[in-house]
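Undergrad: Found this in Swiss-Prot, in case it helps:
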type     : residues                                               : note
DOMAIN   : 13-209                                                 : domain 'Glutamine amidotransferase type-1'
ACT_SITE : Cys89                                                  : active site, nucleophile
ACT_SITE : His183                                                 : active site
ACT_SITE : Glu185                                                 : active site
DOMAIN   : 210-414                                                : domain 'GMPS ATP-PPase'
BINDING  : Ser238, Gly239, Gly240, Val241, Asp242, Ser243, Thr244 : ATP binding site
BINDING  : Arg311, Asp476, Lys549, Glu555                         : XMP binding site
Amino acid sequence: MAEEQNPSATFDTILTLDFGSQYTHLITRRLREIGVYSEMLPCTQKLADLPFKPKGIILSGGPYSVYEDGAPHADPAVFELGVPVLGICYGLQEIAYRLGKDNVVAGTAREYGHADLNAQRLDNQGHVDKLFAGLEEHVKVWMSHGDKLVKLPEGFHTIATTANSEYAGIAHETKPVYGIQFHPEVTHTPDGAKLLRNFAVDICGANPNWTMSKFVDQEILRIRKLVGETDHVLGAVSGGVDSTVAAKLMKEAIGDRFHAVLVNNGCMRLNECETVAETLNKHLGINLTVVDASKRFLDGLKGVTDPEKKRMFIGATFIDVFEEEAEKIEALAENSGAKVKWFLQGTLYPDVIESISFKGPSATIKTHHNVGALPKRMIEGQGMKLIEPLRELFKDEVRQLGRELGIAHELVMRHPFPGPGIAIRVLGEVTPERVDIARKADHIFISMIREAGLYDKISQAYAALDPSKAVGVMGDKRVYAEIIILRAVETTDCKLTLGIDGDFVLRYIISVMTARAFPFDNEFLSKCATRIINEVHGVSRVLYDISSKPPATIEME
């Protein structure tokens with residue numbers, strides 16, 4: 001997305017500068033949840049290079065000590081721009097350290113976990129009391145720091161304390177500059193969203209008008225301007241939420257000049273191709289081509305048992321198949337005097353964040369591309385250009401956008417499905433027969449979850465096929481048949497797992513998203529097992545995986 005066309009060109013924006021915390025992205029998410037648009041950039045960002053002026057700036061937490069050589073520091077222009085500034089944890093220490101090198105020291109006692117915060121009111125002090133306005137005098141907050149502010153910077157008031165932090169909250173006497181030692185962005189700070197709203201709306205004056213209804217209107221206009229009146233766009237779809245929403249958005253913007261391609265790799269869910277074709281083509285009006293390459297994929301998977309080799313083969317073959325179909329579509333377009341100049345990519349904001357997150361003083365910021373999913377002509381620079389209409393959105397915003405575009409609830413709320421499909425849910429060798437068993441068992445399991453009204457309460461659910469077999473008794477005969485493993489999990493993106501990193505600064509490792517097995521009752525699981533064994537030929541046993549993540553992963557391979 002061209003910078004000048006970012007939502008920041010239209011919506012009041014709070015800029016979050018990332019100092020390396022693994023939950024900086026939650027600041028951005030919480031602000032958007034209250035209707036204020038926010039963008040995250042690395043702390044090395046030079047404000048002079050910004051294409052917009054933020055309404056306010058938030059300095060995130062981080063795993064460093066501000067007084068150490070090589071510690072990251074914000075552009076001095078942050079404090080010269082004339083907009084409100086809020087420092088969180090490391091951000092508080094950054095504000096204090098720049099005003100006095102002895103203001104921050106290594107703490108004698110680390111403070112992490114829940115803490116009782118006492119907010120202090122300073123009457124008749126103008127902006128000073130605004131940060132905690134509407135909050136109780138005593139509130140629960142989440143702390144995770146080792147270093148400590150031991151001196152109040154000149155010109156600041158104390159606005160909050162805890163038993164271990166004399167300066168848990170500070171505010172400048174005359175300027176809207178604030179610092180807090182706790183983390184308002186996590187759910188462990190119950191009133192954190194209120195505090196962030198106080199800062200963004202009441203102190204910064206940001207208009208809380210960030211909605212998907214306004215975004216979709218702006219994005220359609222942007223796409224039309226970018227693509228022009230004659231160029232065509234090509235994109236791969238899978239039936240998943242991201243690709244479906246991106247495809248529908250493109251359809252709304254340029255109509256039949258968007259060409260969607262669905263590749264059947266032989267490892268999709270039961271009736272998936274037919275369902276996706278009906279949804280995208282008939283109901284959403286998307287120009288869709290379905291390529292049945294199932295035999296090509298399954299033949300190539302014979303004898304392959306290593307999960308990574310499965311992924312690599314499926315990924316490489318997908319690119320080959322997609323490329324072949326793309327050439328046909330391009331040829332047809334050229335026959336009518338048009339050209340396919342753009343490739344639709346379903347990049348989301350978390351993908352962008354992963355690329356721009358601050359990883360150290362010498363880290364190189366790279367442009368995010370999911371290279372494994374790009375056609376060769378994109379990699380080799382043969383002319384097609386990327387268009388990424390969802391790259392500024394979080395997953396929950398993509399779902400909201402889907403609803404705004406009229407996509408059915410059942411499709412918008414679909415569980416994630418891995419790119420390699422059932423191939424990585426069939427443990428061991430992938431054969432058509434084994435895929436069929438896993439596919440049918442999965443269909444029964446998901447159908448029963450839907451019938452029980454549990455689907456939207458579960459983050460992901462599926463049936464996998466174990467590489468071993470087990471003895472059973474059917475019709476008074478001994479059988480030696482397949483084992484099905486059922487898995488269903490609840491996940492959260494903001495439940496903190498404590499871990500010490502660097503100078504005892506505690507971080508939550510977002511790449512290890514936590515998940516726990518969904519607590520089905522035994523009667524439900526028993527019914528699932530009975531149906532699968534009775535209806536799927538070749539299955540003698542059904543197990544339920546109760547492992548949490550970590551240490552287990554959500555997928556089997």
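Just so it is clear, glycine is given a Cβ too, placed from its N, Cα and C backbone atoms.
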Undergrad: Compute the C-alpha separation of Gly240 (ATP binding site) from Arg311 (XMP binding site), stating it in Å without decimals.
TA: 18
Undergrad: With H, G and I counted as helix, E and B as strand and the rest as coil, say where DSSP puts Thr244 (ATP binding site).
TA: helix
Undergrad: For Glu185 (active site) and the residue listed as 'active site, nucleophile', what Cα-Cα distance in Å is obtained after rounding to a whole number?
TA: 11
Undergrad: Per-residue pLDDT averaged over the domain 'GMPS ATP-PPase' (210-414) comes to what?
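TA: That region's mean pLDDT is 86.
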Undergrad: When you measure from the Cβ of Asp476 (XMP binding site), how many other Cβ atoms are you left with inside 10 Å?
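TA: There are 5 such Cβ atoms around Asp476 (XMP binding site).
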Undergrad: Give me the long-range Cβ neighbours of His183 (active site): same chain, 6+ apart, Cβ under 8 Å, in sequence order.
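TA: The answer is Tyr23, Gly61, Ile88, Cys89, Val141, Trp142, Met143, Ser144, Thr189, Gly192.
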Undergrad: Counting every protein chain present, what is the number of Cβ atoms, excluding its own, within 10 Å of the Cβ of Asp242 (ATP binding site)?
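TA: Excluding its own Cβ, Asp242 (ATP binding site) sees 20 Cβ atoms within 10 Å.
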Undergrad: With DSSP assignments reduced to helix, strand and coil, which class does His183 (active site) get?
TA: coil
Undergrad: Around the ATP site (Ser238, Gly239, Gly240, Val241, Asp242, Ser243, Thr244), what further same-chain residues have their C-beta within 8 angstroms of the site's C-beta centre?
TA: Val237, Val245, Ala246, Gly346, Arg414
Undergrad: What same-chain residues, at least 6 away in sequence, bring their CB to under 8 Å of the CB of Arg311 (XMP binding site)?
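TA: The list for Arg311 (XMP binding site) reads Gly419, Pro420, Ile424, given in order along the sequence.
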Undergrad: Out of Asp476, Lys549, Glu555, point to the one nearest Ser238 (ATP binding site) in space (Cα versus Cα); all of them are binding-site residues in the record.
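TA: It is Glu555, whose Cα lies nearest.
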